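K.L.:
If you scroll down you'll find the structure; I have some questions about it.
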Amino acid sequence: MIEQFAEGFGMAMRLDTMAMMCIGLFGGMLVGSLPGFTTLMAMAILLPISFFLEPIVGIPFLLGIYKGGIFGGSVPAILLSMPGTGAAVATSRDGYKLTQKGKSRKALDMALFSSVFGDTCSDIFTIMMIFPIAFLVMQFGPPELFAVLLMSLIIIAATSAANPLKSLIMMALGLWLSFIGTDPLGGAERFTFGLFDLKSGIPLLPMLIGLFALPEVASVVIRNDKARKLSALVGERLSLGEFRRCLKTICRSTVIGTMIGIVPGLGQIVAAMMGYSAAKNASDHPETFGEGEIEGVAAAEAANNAVNGPTMVPLLTLGIPGDNVTAILLGAFVAQGLRPGPQLFEEQGATVFAILVAMVIANLLFLVIGYLSVPFFSRLVTIKTSILIPMVIMFAFAGTYVYRSDPVDLLMLVAFGVFGIIAKAAKFDVMPLVMGFILGPSMEYAFGQTMAMSNGNALAFFATERIGALAVLIAAPIIGALLWRRLYGIPRTH
Amino acid sequence: MFSKLVKKSLSVLALSAGALTLTLAPAAAEFPEKPVTLVIPLGAGGSHDLNARIITSVIPTYLEQAMIVRLTPGAGGQKGTQEVANADADGYTLLFSHNYMDMLQQYVDNLPYDPMEDFIPIARVNYAPASIIVRADSPYETFEDLVEDARARPGELSIGHSGNWGAFFVPAAQIMQQLGLNMNLVPYQGGGPAMQALLSGDSDFTMAFPSAIGALRDAGDIRVLASAGEERLYEDVPTLAEVGVTGDIGYMHRFILAPAGTPDDVVATLSDAFESLSTDPTFVRLMGSLGESIDPMTGPEYQELREQQAVAYEALVDTLTSQ
């Protein structure tokens, strides 16, 4: 195996591989930073290009798009409070506050460094531990997934706001919104009022842009400071000292993200929220989180990127794609004559290691590309408000429409925008709503599967062979209660 | 002043005449004179998406126009299908569908379109045959072992499938119906998770397409008990017909539909392009490397299959929902 690794390392050191990775990274970053264009779409469209390239050039190219796209998503989240994906929601919370304080450059730098750090560590961990991870992945079935999702929701509700009742109300509302549409298991229509447009449920993108971006636009307009800029300054670059101060948080988030990457079906959104919650809990000044705390950006970005390494494991060791991104990569592998599966390492070990090494190199290349691009991106907020605000509104509507060309999505955008403005005025945090909405369907599906497996016996969660699920189910409320008490329950003395 | 007005009106007239000729031009011009949109009512990265990426990168050679993929997922495929049903029947908007979405949904849901009335098939591209698989350490050595145990313990065996009324649910239900079995159908979100549930021991058996079976079978992790197909897919594995399951069961057909009312010459142009496509060396090579077969069928040939499917699926849904 060491020999294969050495051979693979040599194979990855090619100029054309690097060049194509750079193109992929840069293109992915651009696409990811435009709301409405998803990294997944970019990968699907550019997939045929990889068919005509050598495996060690074509697959790193796709990986580049993927990695660039994830960071790209955090750019509008930080600068305009416009998260294009669920994974960027946690980042936008402190990132946008930093932009308002004139520290957009610092926030983007921190997002870049912590992303690259989290990604690189999890990739290296994945390369070393690929077979133990493959074993762990198999231990998670629907009951365990349900338990972990329930725990995630409890932690989010407990840590997101000082008033847990408000959090729970918003989360319940989010869960209810996720019920609208077609029941994922039985196929029955729920709360659709017979409208065809509601049959496929509420789309995520208009909800995210509506809830997060439009209220910010409204508050700038209401303040009516036409001549001023959203922020006159882009601020200084991130200093080494600040990075060092956040290093503990970044490492913690990397570990959390990697662990969540191992659980099939959780992904970046949960990782970002858990990393953020953990950082807030561990901090001696949790009240600064949500008010422009650079550690918050670091925590979310390191965690959502650390998911990437382990999600490749089921694909490489079993040939099973866990999500859409890995499904596209599976297509790329197969088209190259590499059949992911148990024998891939025996037959093509060197090539696989070369691709894994290329993943690590892609991170380093991205550090350079990102570092050079951040100054250009961060200048965006120094545009005069009278020009920037119409631009943001245009991006919000165009981005929502371009996603699937459905005019109904625009109505949703406006509706969620109005809701977001009201919630903001009433001091209700919309984060638990979004998380309930995103995680609700997965949790419901896992619950339904468990019921189907046991012929409708609700005690299936407590079966002895499902001891893991049982442990999490019992621990979840206790952890939630403790977290809330620690963060908000005991008055602090400063 | 007056002459100026006349001049102006004349030039406006000339302009509008020009514009009119331009608008009328398509009727006379040869189809296609602009890119054709291929709507996929499914998400990115699925097998339809991957197949379509190959189709659209080769077909411009024969169509002399680009073909653009548009993904419109939602409501189990109904969103994209409705979009094409409502599109102009001019051949510029086509649908890339599969048989379960096309012919089965009408019996389990109220559709905003009528699949038989609103669409005509242009061509079938290929089909994916489903196989019944078990873990290598499973007690079932043959399909008969499985059936015997399912008879002895009704409702206790669990089969993981890729989603209700989907590509593995339907053949599994059809087999149960034909052989009079009762098993526990557990849904997973796609073929990948269903395969993982089989390997981790959560389900007793599952179904899969060749692309997902290949590597795992070679590694000795799974055993194939029976496969759909007229001929044996694997030399030592019987076909479904050989083990007593007959009919169009276990095939997921991938085909192109156009809105009903598309002019005959346009349909002919499109059919010809797809026919030439199926023998194109680049197309054959790319589909081969993706592990997909090429089984072209003309529109009228496939229409016959659709009509048979409609009858079979209606009967299946009646049996399942009357229980």
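Using the three backbone atoms N, Cα and C, a Cβ is placed for every residue, glycine included.
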K.L.:
In TrEMBL, which of A:69-90, A:289-310 is tagged transmembrane segment?
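P.N.:
In TrEMBL, the transmembrane segment feature sits at A:69-90.
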K.L.:
Counting only CB pairs under 8 A, let me know which of A:18-37, A:200-222, A:254-276, A:350-374, A:380-403 has the most with the transmembrane segment (A:111-138).
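P.N.:
Most Cβ pairs under 8 Å with the transmembrane segment (A:111-138) come from A:350-374.
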K.L.:
Do any residues of this chain, six or more beyond the ends of the transmembrane segment (A:459-484), have a C-beta under 8 angstroms from a C-beta of it, and if so which?
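P.N.:
For the transmembrane segment (A:459-484), the list is 139, 141, 143-144, 146-148, 150-151, 154-155, 157-159, 164, 277, 281, 450-451, 453.
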K.L.:
By Cβ distance under 8 Å, which residues at least 6 away from the ends of the transmembrane segment (A:410-439) in the same chain are close to it?
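P.N.:
Non-local partners: 86, 89, 93, 149, 152-153, 156-157, 160-161, 166-175, 177-178, 202-204, 206-215, 218-219, 269-270, 273, 396-397, 400-401.
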K.L.:
Given a Cβ distance threshold of under 8 angstroms, which distant residues of the chain, six or more beyond its ends, lie next to the transmembrane segment (A:44-63)?
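P.N.:
Non-local partners: 11-12, 14, 16-17, 20-21, 23-24, 27, 328-329, 331-333, 335-338, 351, 354-355, 358-359, 361-362.
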K.L.:
Are there 3 or more C-beta pairs under 8 Å linking the transmembrane segment (A:380-403) with the transmembrane segment (A:18-37), counting only pairs at least 6 apart in sequence?
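P.N.:
Contact between the transmembrane segment (A:18-37) and the transmembrane segment (A:380-403): present.
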K.L.:
Quick one: do the transmembrane segment (A:200-222) and the transmembrane segment (A:380-403) reach 3+ CB pairs under 8 Å, ignoring pairs fewer than 6 apart in sequence?
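P.N.:
Contact criterion met.
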K.L.:
Find the average pLDDT over the domain 'DUF112' (A:19-434) in the predicted model and report it.
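P.N.:
Averaging the confidence scores along the domain 'DUF112' (A:19-434) gives 87.
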K.L.:
With Cβ-Cβ distances below 8 Å as the criterion, list the same-chain residues six or more beyond the ends of the transmembrane segment (A:254-276) that contact it, or say none.
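P.N.:
70, 85-91, 93, 117-118, 121-122, 125-126, 133, 136-137, 140, 144-145, 148-149, 152, 155-156, 289, 296, 299-311, 313-314, 322-323, 435, 438-439, 442, 446.
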